[in-house]
Amino acid sequence: MNNSKSNLLDTEHGDKVAEQMNLASMDCLPDDLLVQILYFLPTKEAISTSLLSKRWRTLYSLVHNLDLDDYIFWHHEDGYNQYFSNDIQKSFEEFMERTLALLGGGHIKTFSLISDEIYRFDHVVDSIRPWLYYNLQKDSLWQFGFPYKVFTSTKLVKLSLGTRLACPRIPQDTSLPVLKVLLLEYIWFEDNQLSDVFLAACPALEDLTIHHMFRPFLISSKNLKKLSVTINFSYYVDRSTILTLDTPNVVDLYYSDFPRPIAPHCHLDSLAKVELDLHSLEDDSRQVQNDADVKNLISEIRNVKTLHLTYSAVELMLSSKKRDWKVLPLLLERSPNLKTLVLSGLNRYTFGRRHRFVGIQIPSSNKIKMLSIKQYQGSATELKHISHLLLKMECLELVKVYLATEMDDLKKMQLTEDVVKLPAASSKIVEKLKAFGAKAVLERVSFLD
């Protein structure tokens, strides 16, 4: 698209924004508030305000966040593409350069770029990098393709990459010395390049989130403090790769996976908070397989202070042919510092022969202070479990029950009374029950939708 068309497009947007905004009524507003208004406008409309007056041009130059998406050039209100592909992409690149030139880039904290034209990115990012990375304090790059030059920045603190993109080779000169937060949304790395090259080039990285359709072979980092791993590949594969978590300093772990017959290798010495969201695999006929092995993972979870097992994790532990339902007592035995226990789906949890109720084995030496029950339905089985837990937890101070579905106040009050009437080993819980009674919304036993 030539410059005349580009200028015409900008003018049209400026007129449109002027029509939509009552400028006279906004003149009395302070600059800080107007900058916030610009922040919530789509980038194309926000930058068009710079054509309205010198004040608006100055105001837009104060915006700290920049979101660029070529969708606004491909799709128009009339429902069809106005220009040919090359013209559209060229127009988008020119728009990017003009926007960054207007902003100056020195004060930008968050930059977001979305585009399908992967092969053009190196040229574009190279042309804007003097602005983009100068005095940049915080950055979030989200796009369907990304230039390799994004891997070299001395200012980048937060980076988000996605989605469904293959990354065959990470540049050997990759260097992100101050990167602290990294999100990888369906990024495929070959071999162990994720850990050997990418993570190795991020010495300050503390928070890593990975969403993946296949298992990465290795996640290794000595400086990570928080790790979230979600594996969405659910089909049964005996020869599946063995996941290795070599993250000895992680204190907060979220792990969602379809465990295989071969257990993952883990090095997790510092865990304090763990949430396990485990699911059963399916074979080629979509039949559930229940021979998952999570012993290595469980054996590495020691001395945690907060343990959360989701409903699906509870179900997997129940159904496993390897009798993995015993891992919960094992976890509790290995966690003398456990203070918070979160359980879901108690209505399906641990039965003995002929459906005889079997309570969860709780070590007598436990120091659990808070118990959270999620997806509570008010069944007799759940009440038995809660009663069993209350009798086994002498240090308990707080019980939270999260309802599976919304309920009216009358039903909620009935469920509250059912729990309040249960005996408890903790003197603090008993004292609170006596003081408040069953009809109160108890401070120590609370029901939440």
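Placement of Cβ uses the backbone N, Cα and C atoms for every residue, glycine included.
According to Swiss-Prot, the features are:
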- 23-77: domain 'F-box' (DOMAIN)
- 133-163: repeat 'LRR 1' (REPEAT)
- 186-212: repeat 'LRR 2' (REPEAT)
- 214-231: repeat 'LRR 3' (REPEAT)
- 247-278: repeat 'LRR 4' (REPEAT)
- 286-311: repeat 'LRR 5' (REPEAT)
- 320-345: repeat 'LRR 6' (REPEAT)
Checklist entry - the repeat 'LRR 3' (214-231): which same-chain residues, six or more beyond its ends, come within Cβ distance under 8 Å? => result 188-189, 191-192, 194-196, 199, 202-208, 240-258
Item to check | Number of helical, extended and coil residues in the repeat 'LRR 3' (214-231), per DSSP | outcome: 0 helix, 9 strand, 9 coil
Checklist outcome for this item: On the domain 'F-box' (23-77), the mean of the pLDDT values is 71
